[in-house]
Amino acid sequence: MNAQLDNQGRLRHFLTTEGLPRPLLNQILDTAESFTGVIGKSVKKVPLLRGRTVINLFFEPSTRTRTTFELAATRLSADVLNIDVAVSSQSKGESLLDMLRNLEAMQCDAFVVRHGDSGTAEFIARHVRPGVSVLNAGDGRHAHPTQAMLDMFTIRQHKGDFEPLRVAIVGDILHSRVARSQIHALNGLGAGEVRVIAPRTLLPRDVETLGVRVFHDMQAGLRDVDVVMMLRLQRERMRGALLPSEGEYFKLYGLTEEKLSVAHPDAIIMHPGPINRGVEMNSAVADGPRSVILQQVTNGIAVRMALMSMLLGRAGGGEDA
């Protein structure tokens, strides 16, 4: 059984999109849909998690992810604590497990964890007491499942059924936890074809085992696609000369209107952020009519509300606070 699920097949933790059954993936998207109305109200709160406590443990910097997790929890009426790891007891030599035990003793209900090492969220999930949930906000190169689900939600809003879709993921696949989670989610939801487009130096050796078609040429890879998902070049994770220069990368793999002309006329453009303009795409594409990048940010709140409600409370957004 998937370690994220309880013995009745319900979410206990949310650590990865890999291996999740299609009905559960759709339930997450359906639940997120129920919260979109809440986000649009003047009073953006429901009382589902009143009395619950969520602790954000971010060992890596983040703007969008941390902010939307905090907004999601507060809009469900939970109490939120943000731990500044740089000045926490861990910076004084305390182990991760000891830190976890002390925070658990404060009777929290969930940890939202971002860490530079793959597997950290799963490690914490294995050691928390029963009744405490862990949400993975990104761990090393391994996974970023909530980003993937907000991407799936955005795609469904624009395209509906996943089965006829051709989706291209472009850029630094090798270092991207987002790409892995996107691929697992797209395949889990039955997308017609998932493509990855990147130079050989930015592809993992086992990429084809993930159920994707590999392209090294942008024009060939983008032909007739319905969704283009661009990725950030993760210079901070690169070791060695994987690229000749950012200018050369943009020439070959940066998204422009000219390169986009071979995609389906209604193709949407996505990016998990932050965007490096002039490297991954130009401003005409990023700010153009087919870009849904800011909608992805908005949808992050609804999707994270959905996941917290499924883990900690009653799913659905029908009540006012």
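Cβ atoms here come from the backbone N, Cα and C positions, even for glycine.
According to Swiss-Prot, the protein carries these features:
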type	residues	note
BINDING	R64, T65, R114, H144, Q147, G273, P274	carbamoyl phosphate binding site
BINDING	K92, R177, R232	L-aspartate binding site
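Location within the structure of each feature annotated in Swiss-Prot.
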{"residue": "R64", "record": "carbamoyl phosphate binding site", "DSSP class": "helix"}
{"residue": "R114", "record": "carbamoyl phosphate binding site", "DSSP class": "strand"}
{"residue": "H144", "record": "carbamoyl phosphate binding site", "DSSP class": "coil"}
{"residue": "R177", "record": "L-aspartate binding site", "DSSP class": "helix"}
{"residue": "R232", "record": "L-aspartate binding site", "DSSP class": "coil"}
{"residue": "G273", "record": "carbamoyl phosphate binding site", "DSSP class": "coil"}
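Here the binding residues for carbamoyl phosphate are R64, T65, R114, H144, Q147, G273, P274. Their largest Cα to Cα distance works out to 16 Å. If you take the CA of R232 (L-aspartate binding site) and look 10 A around it, you hit none of the binding-site residues from R64, H144, Q147. Cα separation, R177 (L-aspartate binding site) to H144 (carbamoyl phosphate binding site), rounded: 5 Å. Sparsest Cβ environment among the binding-site residues R114, R177, R232 (other Cβ atoms counted within 10 Å): R232.
Highlighted in sequence order, S62, T63, A137, G138, V178, P272 have their Cβ within 8 Å of the centre of the Cβ atoms of R64, T65, R114, H144, Q147, G273, P274, the residues recorded for carbamoyl phosphate, and are not part of that set.
Annotation for P274 (carbamoyl phosphate binding site): spatial neighbours T63, R64, R232, criterion Cβ-Cβ under 8 Å with sequence separation of six or more. Every protein chain considered, the tally of other Cβ atoms within 10 Å of the Cβ of Q147 (carbamoyl phosphate binding site) stands at 26. Every protein chain shown contributes to the tally, and the Cβ of G273 (carbamoyl phosphate binding site) ends up with 16 other Cβ atoms within 10 Å.
The number of other CB atoms found within 10 A of the CB of H144 (carbamoyl phosphate binding site), across every protein chain shown, is 26. Other Cβ atoms within 10 Å of the Cβ of R64 (carbamoyl phosphate binding site), summed over all protein chains shown, number 15.
Over all protein chains present, the Cβ of T65 (carbamoyl phosphate binding site) has 24 other Cβ atoms lying within 10 Å.
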